[in-house]
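Feature annotation from TrEMBL assigns domain 'UBR-type' to 1-67. What TrEMBL records for 1-67 is zinc finger. The transmembrane segment annotation in TrEMBL covers 143-162. Feature annotation from TrEMBL assigns compositional bias 'Basic and acidic residues' to 188-207. Feature annotation from TrEMBL assigns region 'Disordered' to 188-215.
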Amino acid sequence: QGAVKRQALYACSTCTPPGAEPAGICLACSYECHGTHRLFELYTKRNFRCDCGNSKFKNLQCKLFPEKGKVNSGNKYNDNFYGLYCTCKRPYPDPEDEIPDEMIQCIVCEDWFHGRHLGAVPPESGDFHEMVCQACMKRCHFLWAYAPQLAVFLLVGMYLPVPPLTKANSLEEEGIVLKVEESEEQKKEIKKESGVEHHDTKEEKQSEQFNEPSTSSGYCSKFLQKFPMEIAETTSEFSSGWYYIIVCKLKELQSKPFVKKDTATFWPSNWRSKLCTCEDCLKMYSDLEVQFLTDECDTVLAYENKGTSDQETERRDPLMDTLNSMNRVQQVELICEYNDLKTELTDYLRRFADEGTVVKREDIQHFFEEFQSRKRRRTNRMQYYCS
């Protein structure tokens, strides 16, 4: 399927030991192709395509999808693929580490870190949903402008006091809307200049119209009445008599005092939706290769919720649906057969569990062949009840 948006991954130290090229395999290949190998669990990573059987595996062909490209150039690798994590480059669990400490995954680089190696004491696990590590905060320095408003803090005095943003009037958060009655020539001139200046003769009328509801969508800021106009985007447009001034939310926050620290930051569940999505910011995300930050579906929480939803959909019992369409005699016969199948299959699978081996497709096929053979022998005998 190509690069999967988010999936559970493993690294096989049997096939790719230290010194070899790093490689990642999907959950299905960890069962089918590497069932007896030593694996590192990598949990989930984004935009990754399974490497199993490609050029990184010298003597292994993927059993599920043999025809693979030699390399997956879009994949990103780090020390996790060798079973090492955090800035201390230690395994997890670490037999030599006697300090109890949880590991937290950075949502940018997707490495895992000990809580004590983040430069800040992590909040209680229920108080935040995502973390950005120290190195990624340096690379994505724009996040410090959002931190005083959005991040979860524990360190007193870590940031300069920042007064909360307030709206001058009741406008939508997504943009500034000014009602104007310009002539067609004035409209053309303003559009041509792509500016944010307004005619003196209209200033008083415009200020009276600030309480008009906005019909805009897709714009990205709150409005401050005396906000410096030099931070406004030089983009404007007319629509049904309304004049829109687009203000970059990031520039608005950067005009307020904030302090950068050499620490990780912790963020609540809905913080991504508050990031600016103006044209300049989207370009910045692309340049930094962090476009996923504006995607709510990229989060591990969204991935887990999707898995839970899929499981609930699959929980409908097909046996009950079938029983409801049968008469009484057929129902009794089906239940008896079902109980026989359940008992024999449970006993068969218990042997694999006791031995710690993986159940493969051919094992299941063998079981059902044997089961059908025993069933035929039973039905060939004389029946001693009325049908």
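We count from 1, first residue shown onward.
Glycine residues also receive a Cβ, built from the backbone N, Cα and C atoms like all the rest.
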Practice prompt. Could you pull the average pLDDT for the zinc finger (1-67)?
Written response: 93
Worksheet item: Per DSSP, what is the residue tally for the zinc finger (1-67) in helix, strand and coil?
Response: 6 helix, 23 strand, 38 coil
